[in-house]
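Pulled from TrEMBL:
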DOMAIN    6-150  domain 'Flavodoxin-like'
BINDING   12-17, 59-62, 97-106, Asp132  FMN binding site
DOMAIN    206-447  domain 'FAD-binding FR-type'
BINDING   Arg350, Arg382, Ala383, Phe384, Ser385, Gly416, Leu417, Cys418, Ser419, Trp596  FAD binding site
BINDING   Thr460, Ser515, Arg516, Lys521, Val522, Tyr523, Val524, Gln525, Asp558  NADP(+) binding site
Amino acid sequence: MPNPQFLVLFGSQTGTAQDVSERLGREARRRRLGCRVQALDSYPVVNLINEPLVIFVCATTGQGDPPDNMKNFWRFIFRKNLPTTALCQMEFAVLGLGDSSYTKFNFVAKKLHRRLLQLGGSALLPVCLGDDQHELGPDAAVDPWLRDLWDRVLSLLPPPPDLAEIPPGVPLPSKFTLLFLQEAPRMGSEGQRVAHPGSQEPPSESKPFLAPMISNQRVTGPSHFQDVRLIEFDISGSGISFAAGDVVLIQPSNSAAHVQQFCQVLGLDPDQLFTLQPREPDVSCPTRLPQPCSMWHLVSHYLDIASVPRRSFFELLACLSLHELEREKLLEFSSAQGQEELFEYCNRPRRTILEVLCDFPHTAAAIPPDYLLDLIPAIRPRAFSIASSMLAHPSRLQILVAVVQFQTRLKEPRRGLCSSWLASLDPGQGPVRVPLWVRPGSLAFPETPDTPVIMVGPGTGVAPFRAAIQERVAQGQTRNFLFFGCRWRDQDFYWEAEWQELEMRDCLTLVPAFSREQEQKVYVQHRLRELGSLVWELLDRQGAYFYLAGNAKSMPADVSEALMSIFQEDGGLCSPDAAAYLARLQRTQRFQTETWA
């Protein structure tokens, strides 16, 4: 008799929702239940009408937006023509992951829960609201919710009576087996699946374009605290095309030093070739890995050894550990009671997977290679706003990259994997190629020639607006208003000469805010208020579109507050009417944002 089945669907931006979903899959296997785990956009959504039990795990990104891998599902599920009985046979539960420091905390999970009820679904539990801001992270809400969930699931899908539950300390079978090759295959058999110049299909995650890097230039002053790069790629013959507001995704690699250290700690031969074989018939091999593949390629291009490990990493590592003392500590870190200590050891100082393995050397040296892909997540592509227009720079693509580096209590500085990797590449020393592809962004600019555009982009948030201004100027659209914020005119005023030249041609009105050049800090929201009458005139009388890009923490709320103030002081609206006016701008796509954490 087949095991009872249910479905877990996730929408994940940074990997947390996927990790929780895979945890659900593992816990189901321990309980002898069949469980499919899929990203929402890879699931044929029309099949939902046939699913008796579905658990949705979804993150909220930016200003209440769904993650990229559930946007198609999101559009479908909110179609107005879906009947209110569409999901009447489905029992469901929604687990949300968010950050309560943002106004739209867990907005996606809450809205999805309501929508599934509207379509006739029956909720097993109230929506779970995992919170990054809790001192124990999302698990503080997730753990008790999952206990209740399993009670409900097991009452609906009782496992086969003749099969006992697999206890927590026993490792589940690995997803894949690594079949080591005794002989090296013919030269050239290993390599990344890539889109070749002249290819019919546009580059994608499974087939990126290896773009030659043309230049990699630091654009902040030598004494500035942050290294920011303007990087240019040649996309000739790639089939890539993009418009202002689009985003490029880049697949980074681990540093050679980290790859070497990882192989040493685990006792792996970097030159060893293997083929990957799934254990289950419904599991496919990662498309990004060549067959056969070398250990060096796997660790360099696929395993995210520089990421901060999640609790599931410690759970599996404890199962695999043969060293009594190390196993005891790993079990503590993976238990519900040990989450505070795990946070102090791992999350607060941003300790990496590689550093944790170095701290548990006996366990690391005994990890069976078959478990590498279960233990360590895949390196995720990083998204950057495209900072150039094809109308101004044909067959070129430019990005503005802030190199992430900061200090915690650990001796070694913390570094962003992708930004540090990009910064290390020097096309002056020889050819450099970077795997990339393009997808539509969340900003769309008006096509009507006379529509004014107000853009607010502090710091690297100005990148998509440079693309938009270049594109609009090339099309004869000159009513461009840019509010740009940085610290110092002579240190981080990106594209100053370019803006000044456009001002002289009457193609741009530039309003800079230099926060550190006077005693009182001045930010973009202050400049907006100073020019409140102009902003109101453009929005209310001339139908302007308003755009905002940059850090999601406090800037979007500060700018929205400045607009509310302008609507009241310069537009003469009362507070409720000002809020309704702002909501109407958002609803009609005349107020658009692109923010990142």
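Note that Cβ sites are derived from N, Cα and C of the backbone, with glycine treated the same way.
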Statement: Excluding its own, the Cβ atoms lying within 10 Å of the Cβ of Gly15 (FMN binding site) add up to 17
Statement: argmin Cα dist to Val522 (NADP(+) binding site) over the binding-site residues Ser12, Gly62, Asp99, Ala383 returns Gly62
- prompt: On the Cα atoms of Arg350, Arg382, Ala383, Phe384, Ser385, Gly416, Leu417, Cys418, Ser419, Trp596, which are listed as binding FAD, what is the maximum pairwise distance in Å?
  reply: 26
Task: Filter the binding-site residues Asp99, Phe105, Ala383, Ser385, Ser419 down to the ones within 10 angstroms of Thr460 (NADP(+) binding site), Cα to Cα, kept in sequence order.
output: Ser385
- prompt: Among all the protein chains here, how many other CB atoms are within 10 A of the CB of Ala59 (FMN binding site)?
  reply: 30
- request: Measuring CA to CA, name the entry from the binding-site residues Ser12, Gly15, Gly62, Phe105 that ends up nearest Asp558 (NADP(+) binding site).
  value: Gly62
Field: binding-site residues (Ala383, Leu417, Val522, Val524), the one with most neighbouring Cβ atoms at 10 Å
entry: Val524
- line: Cβ neighbour count (10 Å, all chains) around Asp99 (FMN binding site) is 20
Statement: For the domain 'Flavodoxin-like' (6-150), the DSSP helix/strand/coil residue counts are 58 helix, 35 strand, 52 coil
- prompt: Taking only the binding-site residues Gly15, Tyr102, Arg516, which one has a CA atom nearest to the CA atom of Ser419 (FAD binding site)?
  reply: Gly15
